[in-house]
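Report on the following structure.
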Amino acid sequence: MKKIKVCIVDDNRELVGLLEEYIDAQDDMEVIGVAHNGQECLELVEQLEPDVMVLDIIMPHIDGLAVLERMRQMNKPMPNVIMLTAFGQEDVTKKAVELGASYFILKPFDMEYLASHIRQVSGKTTGFVRKSSSSFKTQEPKTKNLDASITSIIHEIGVPAHIKGYLYLREAISMVYNDIELLGSITKVLYPDIAKKYNTTASRVERAIR
């Protein structure tokens, strides 16, 4: 029997380990790759061509929505994507479905439930969405909820996820949220700090955001 090839993408390494162990214990599926950020995820798709991708929405570097956008542009078969999310904003859900997500599961969830939907989507085309929350308990840090809110707002105002300024803008909002005084030193502190994190220059950060 041909096994369903699954990739798992989440920046919560403990959760990834638990999911990998559970999925590999199933007779009809196997984990062929794991990633902890969006860039690693795109490399997995390029190299391994999974049947199903279990993908978290909020991740460092490139978030789940941007990953979906880039996968659509790749010259590779698009895997069936099950999105994991700790929040349920309708606008983000709708955007993800438009970009090709097959299914949404709300954290915390039951691993048996996830496995059943891996089986379901592996034989179906993309384009449907349901949301579920069940008994698997993994606590999401407060920063995750903040990132979710920021992502929702940026997508709502129409900033494309694939442009560089999107990444810098998300980082800037998060930094100002945690230290409001940064608003008084945007060019002297905020932009240089973002530039340092992403190995670029403050002027490039400013141009990208503007």
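Cβ atoms are placed via backbone N, Cα and C, with glycine included.
Per-residue pLDDT, averaged along the domain 'Response regulatory' (5-122), amounts to 89 for this model. Annotation comment: Swiss-Prot describes 5-122 as domain 'Response regulatory'.
The Cβ of Asp10 (Ca(2+) binding site) lies under 8 Å from the Cβ of Val16, Leu19, His36, Val54, Leu55, Asp56, Met59, Leu84, each on the same chain and at least six residues away in sequence. Swiss-Prot lists Asp10, Asp11, Asp56 with the feature Ca(2+) binding site, giving similarity to another entry as the kind of evidence.
For Asp56 (Ca(2+) binding site), the count of additional Cβ atoms within 10 Å of its Cβ stands at 26 [all protein chains shown]. The 4-aspartylphosphate annotation in Swiss-Prot covers Asp56 and rests on sequence analysis.
Under DSSP, the residues of the DNA-binding region (192-210) split into helix, strand and coil as follows: 14 helix, 0 strand, 5 coil. According to Swiss-Prot, the DNA-binding region annotation covers 192-210, on the basis of sequence analysis.
Proximity of Asp11 (Ca(2+) binding site) to non-local residues of its own chain (separation of 6 or more, Cβ distance below 8 Å) is seen for His36, Asn37, Asp56, Ile58, Met59, Pro60, given in sequence order.
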